[in-house]
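*Asks:* This is the structure I have questions about; it appears just below.
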Amino acid sequence: MELHSLKDSFDRVAKKRKVSYSKTHEVTDLIVQEINKAIKVMQSSTLEYKSELAELKKKLQEVSPLNQLEGAQKELNIALIKYPKALEKVFNRDISKAYQNIEFDSPIVNQIIASHFYRQGLFEVGDCFIAEAQDAEAAVAMRSLFQELYQMLEAMKSQNLEPALKWAAANSNKLKENGSDLQLRIHHLQFVKILQKGSRDEALKYARTNFASFAGNHMAEIQKLMGCLLYSDRLHESPYAHLLSPTNWDTVTDELTRQFCNLLGQSYESPLSATIAAGIQGLPPLLKFMTVMAGQKHEWQSMKQLPVPVELDKEFQFHSVFVCPVTKEQSTDDNLPMLMSCGHALCKQSINKMSKNGSKTFKCPYCPTDIDLTQCRQLIF
């Protein structure tokens, strides 16, 4: 990757600077040492200083500070000159050539930005943005929802689980439908917190009150927690010491945020953050392609699809892509996938060609079913 070469360039600059720094100190120390020697001699001598100064000059010439420093400093200067060029090569400051003229829906964009601030807990910044944008009122509803989340997260920072427990209890059915054991994990933390204080009886009472409904699916975990009761006064020295790890709180905090967003129909990651991260990853190959296109004097603004793939990591692959098994081409807005009566799918243009634009039936390429164009329906990808 290009960033590796940039790191190598930076490491070279750092290494040359370190060598130059060490050499400068070494030469400076020699000069100071010779001057101090000369001062001591002059202080103890009754002779004129002229001879001592001449001797000092001779020794300093032998040290030759400029000659010693010149080589190291020259290498450092060369590395410093090359580094900005490496930066410009990797971080192309002009990204306008990869820009395609698209009309954005300003209210929607403003709503996404305002929602992003609220998702991050930056409520004052979000309010300020809405006030200045004057058209992001739809994001105000998001504010109150995420304010509830951050009140729970702030309480958990001080190990107060009450708000989270109330929210999990109110949404227990929905959490079960999602296959989440978040409610039990919060009870888990509360149980360990009580036991950590040495209150074994109180911890046992809490377990009897809150763990019974989870026994059917989580008996092994509950049994482990019951084993902790034997070490209530020395839990940190017991086989269950790992239950005291702060990472347990971090894990539950992440799961709470994930499930909260899930129940709102929102993604765990901010859509704005995901979009920018995907853009950063896809921009370098896109800029290279644009450079080639510009060199060949080709115009890409009117293209609906790039002639080269821009690979993104799996974390940015949210939607399916349909490739017609007949033409081996990816579907487009003008050539959408169609579901046939037999359950197989082809692109619209392939179906039109095989049916002579609906004038006759045709056999599915996968099975012997006779297909009528009027029975095909569009698929949404």
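Cβ coordinates are placed from backbone N, Cα and C, and glycine is handled just like the others.
What TrEMBL shows for this protein is this:
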DOMAIN    146-202  domain 'CTLH'
ZN_FING   324-367  zinc finger
DOMAIN    324-367  domain 'RING-Gid-type'
DOMAIN    324-367  domain 'RING-type'
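Each of the listed features needs to be described in terms of its position in the shown structure.
*Replies:* If you take every residue in the domain 'CTLH' (146-202) and average the pLDDT, you get 91.
Remark: secondary structure over the zinc finger (324-367) totals 7 helix, 11 strand, 26 coil, with classes taken from DSSP.
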